[in-house]
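Trainee: Can you keep this structure in mind? I'll have questions shortly.
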């Protein structure tokens, strides 16, 4: 199978959108949406559910960006006021490779768990809203973070992927593409943008806006400005951060990344930016080998990158200490206008790709504490973005418990976590790492 380095490719000239419209049987006047491009996946379930449709022609709540452009959200004010959770799903069913850990089964597994644990609108009414038919991100949105040469190169690569079935787009790395990858990645980025729009609109209606969760794939936090990396194609959270700044005037954005791997792409995008605070906890020495504790940003951005690499075996104790002593104080000092979260669930003890030992309860704690910090500092404006998590059981139970934290309900971690799978955490090394981060950042 031929390997392809995408950023070196020439411009395609927009062939992918007509091709996909033809493939889906839509005329060029139809908006491209998640459902119109879904190749296979879960069936639509109404059953009395609240389902919010985000189409420009639909009448509903609207917001104005910093350029005065109005955007219809199709979310009546009463729904925004009542909602505790807004979420979008973009499972990217066509973006798949057999035996690859980043599989198209990930998002459906989460959705199934939410349904079984009665955390969907079918069971919760307007407390939990799934926004469907959201629009893909525009190429200009993606270009807020990624180079034009990469974007157009990837678009061109779709014709090769159509011929070959699957291509590799990261040189010798693990990131692949199929013929639907480009458009599905635009949809995943669009999910995050839609949730930012909706959470911001809700925050203008009352003091307790819903939290957002973009249940999307492929993940994004490894994608660098010039290309793909580590299963990631576009930096979903980075695009949303720039969008929040440019379209909503939310100047100060805090990004918390608790994936087991360092979010090097997000870090690179904002390493010199004083208005975006990037904070990553990750396993020391894990892929991609970046995120050293002394890397704190540079130029005007010095001090707005905080890396906290944790020793292998770190778990609930480590993250509780990290949150109390590093994450919360850093947020309180930075005073963000919105908090975005790279929610990777591959730090779970059952995950096959790394060596931390978080539990379902750890992720519940993180979600609950981040919710509290967002309420205290930025009017509750907070959106989570799915990153890693490759054991479908631990991934789905942990995301479900995240939803319970958003709702302010007790954790069900005891149903999923087996204490026998855990071993003693390296407390001395954990303390050394936390103390060093506190010293470097004067916390």
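In case you wondered, yes, glycine gets a Cβ from its N, Cα and C as well.
The active site, proton donor/acceptor feature in Swiss-Prot is assigned to 222. Feature annotation from Swiss-Prot assigns Zn(2+) binding site to 259, 261, 346. Annotation comment: Swiss-Prot describes 82-412 as region 'Histone deacetylase'. If you look up Swiss-Prot, you'll see 1-65 marked as transit peptide, on the strength of sequence analysis.
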Trainee: Show, in sequence order, which residues other than 259, 261, 346 on the same chain lie with their Cβ within 8 Å of the centre of the Cβ atoms of the Zn(2+) site.
Mentor: 260, 282, 283, 286, 344, 347, 353, 354, 387, 388, 389
Trainee: DSSP three-state call for residue 261 (Zn(2+) binding site): helix, strand or coil?
Mentor: coil
Trainee: Which whole-number value in Å describes the distance between the Cα atoms of the residue listed as 'active site, proton donor/acceptor' and residue 346 (Zn(2+) binding site)?
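Mentor: Distance (Cα to Cα, whole Å): 14 Å.
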Trainee: Let me know how many other Cβ atoms fall within 10 Å of the Cβ of residue 346 (Zn(2+) binding site).
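Mentor: There are 27 of them.
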Trainee: Compile a sequence-ordered list of residues in the same chain as residue 261 (Zn(2+) binding site), six or more apart from it, whose Cβ lies below 8 A from its Cβ; state 'none' when nothing qualifies.
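Mentor: Set apart from residue 261 (Zn(2+) binding site) by at least 6 residues yet with Cβ under 8 Å, we have 221, 222, 230, 282, 283, 286, 287, 288, 344, 346, 354, 388.
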Trainee: Across the region 'Histone deacetylase' (82-412), what does the mean pLDDT come to, as a whole number?
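Mentor: In the predicted model, the region 'Histone deacetylase' (82-412) has a mean pLDDT of 97.
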